[in-house]
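Input: a single structure, listed below in structure tokens.
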Amino acid sequence: MRVKFHTTGETIMTQDELKKAVGWAALQYVQPGTIVGVGTGSTAAHFINALGTMKGQIEGAVSSSDASTEKLKSLGIHVFDLNEVDSLGIYVDGADEINGHMQMIKGGGAALTREKIIASVAEKFICIADASKQVDILGKFPLPVEVIPMARSAVARQLVKLGGRPEYRQGVVTDNGNVILDVHGMEILGPDSDGKRHKCDSWRGDCWFVANRGADVALIGTPDGVKTIVK
């Protein structure tokens, strides 16, 4: 794993400015003439703004949410359905938490299922995040699980058996018409947690657990500049 810094000087930056810095830094991975996979959330929104400056150089984007689609279109970027695309060079998205193994918890923006699918198609996953998202142990941020509405109670009971404390995210319906359970108390130590991911899939819940696609490159916004971590 390689780490390097792109310094921004000693200027004190807000969290949003750190997100903006990594969003723009991700442009270096965008190749002209390609279709770009785009995530969802406040950090991804900064990347979309940056991508707008290259709209004449790329074919377009595949979006992970209705919100990102609307923003991309407002900037004049063509949005492809994933079914129209054979492959993606890169997928750029934020994270709720990322550990030293480049594994993440995602889904705070309730777009995790589409995010996971698009990331799985991409050759390279570029994670963009501010330094507050770096952790040693995943799980302080509750693990979002997307569930079909009729299975909410059944999935919640299974999550309790796994040691979690599921909380129904009231009033939230995903772009897929599903609901979200935020699971507290699920400390995830590292790659050996694979079994829990399979259980998550098997009872028709969907989550972005450690065993799912990790980042290939992480751009971390810090007070000292953008830190690049390459897996």
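Cβ atoms are placed via backbone N, Cα and C, with glycine included.
The substrate site recorded in Swiss-Prot includes Thr40, Gly41, Ser42, Thr43, Asp93, Gly94, Ala95, Asp96, Lys106, Gly107, Gly108, Gly109, and the single candidate from Lys71, Lys133, Lys140 that the record places there is Lys133. Among Thr40, Gly41, Ser42, Thr43, Asp93, Gly94, Ala95, Asp96, Lys106, Gly107, Gly108, Gly109, Lys133, the residues given in the record as binding substrate, the maximal Cα to Cα distance rounds to 16 Å. Secondary structure from DSSP puts Ala95 (substrate binding site) in coil. Looking only at other Cβ atoms within 10 Å, the busiest spot among the recorded positions Asp93, Glu115 turns out to be Asp93.
In the three-state DSSP classification, Glu115 (active site, proton acceptor) falls within a helix.
Within 10 Å of the Cβ of Lys106 (substrate binding site) there are 27 other Cβ atoms, across all protein chains.
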